[in-house]
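J.: Take this structure, written in structure tokens, and hold onto it; I'll ask about it next.
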Amino acid sequence: MTKIKIVVIVGPTAVGKTALGISLAKALNGEIISGDSQQVYRQLDVGTAKATQEEQEAAVHHLIDIREVTESYSAYEFVQDAQKAISDIVSRGKLPIIVGGTGLYLQSLLEGYHLGGQVDQEAVKAYRQELDQLSDQEVYELLQVKSITIKQLNRRRAIRALELSQFADDLENAETAYEPLIIGLNDDRQVIYDRINQRVDRMLENGLLEEAKWLYEHYPTVQASRGIGYKELFPYFVGEMTLAEASDQLKQNTRRFAKRQLTWFRNRMAVNFTAITAPDYPQVVHDRVRDFLGQKEKS
């Protein structure tokens, strides 16, 4: 089987994945697939660090703004959507470039979960609604009943495991159809932390507070509201924190999230990391991708 070559750009939040993805897409006739669990939601732009309108005009983006904030989204759905996007991009002779920091989503796609038959999406949604009615303890007990074990026990991962088990007949855990080049962006911890702090400040200047308040006033309990960037500001809206305290909490939680992202990518994926402050870093990455694709740079 001839595998489809794809480029995957990963790394901690605020490291510059979007800019690199657009640069590669423009140079190599590519299109971008978002691998971020929060960027699927419409109306949540600032807090999710979604590609701006200008950036989306510079390169075609897929899997952005495909869900309402009231809807849930899972790794299972991402795999299905990403496979369709990859097939579409390749059919038009273009290079799929996946950009994102949600390790679970990317690992699920790259490790070989392929949709064999036609999955009844209404059945998937109905099953998830049933699970949503259960307490955490009941969800964990259901894992035991089905003899399902997961490495790190939390509700979201437990529900994903139950979904995969429930619809196993429609899934083929086969050799992956993709040959990925996984590019990791990173740098010294303080460099990353400084970029995170600066990004949060820019987000607040660019409308994050208004976006978070809209979400808090209308949909405070939905899955989308649990993402980093929104829930940290909720205490400010009810007078439990000052804006400065909420901002500091957001920066701290984002730094912790970046650390978890790096741990995931290092332990679970074959990532070749490049320091973003290294000399000629963009050119080095471009050359690596061209080598992977068997291309020579045009003179």
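Glycine too: its Cβ is placed from the backbone N, Cα and C atoms.
Marked as ATP binding site by Swiss-Prot on the basis of sequence analysis: G11, P12, T13, A14, V15, G16, K17, T18. Look at Swiss-Prot and you will find T13, A14, V15, G16, K17, T18 tagged as substrate binding site, backed by sequence analysis. Here Swiss-Prot flags 36-39 as region 'Interaction with substrate tRNA', drawing on sequence analysis. Marked as site 'Interaction with substrate tRNA' by Swiss-Prot: T102.
Help me picture these features in the structure, burial and contacts included.
T.: Sequence-distant neighbours of P12 (ATP binding site) (same chain, 6+ residues apart, CB-CB distance under 8 A): G101, L185, N186, I192, I196, F257, A258, K259, Q261, L262.
Listed in sequence order, the residues of the same chain lying 6 or more apart from V15 (ATP binding site) and placing their CB within less than 8 Å of its CB are L185, N186, D187, I192, R195, I276.
In the region 'Interaction with substrate tRNA' (36-39), helix, strand and coil residues by DSSP number 0 helix, 0 strand, 4 coil.
Counting every protein chain shown, the number of other Cβ atoms lying within 10 Å of the Cβ of T102 (site 'Interaction with substrate tRNA') is 19.
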J.: Which residues, given as numbers and ranges, are at least 6 beyond the ends of the region 'Interaction with substrate tRNA' (36-39) yet have a Cβ under 8 Å from it?
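T.: Same-chain contacts beyond the flanks: 47-51, 63-65, 73, 78, 99-102, 104-105, 224, 227, 229.
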J.: Could you state the CA-to-CA distance between K17 (ATP binding site) and T102 (site 'Interaction with substrate tRNA') to the nearest Å?
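T.: Cα-Cα distance, K17 (ATP binding site) to T102 (site 'Interaction with substrate tRNA'): 12 Å.
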J.: Among the binding-site residues listed here (G11, G16), identify the one with the smallest other-Cβ count within 10 Å.
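T.: Counting other Cβ atoms within 10 Å of each of the binding-site residues G11, G16, the minimum falls on G16.
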J.: Which are the residues of the chain, G11, P12, T13, A14, V15, G16, K17, T18 excluded, whose CB is within 8 A of where the CB atoms of the ATP site average out, their centroid?
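T.: Same chain, not in G11, P12, T13, A14, V15, G16, K17, T18, Cβ within 8 Å: G101, L185, R195.
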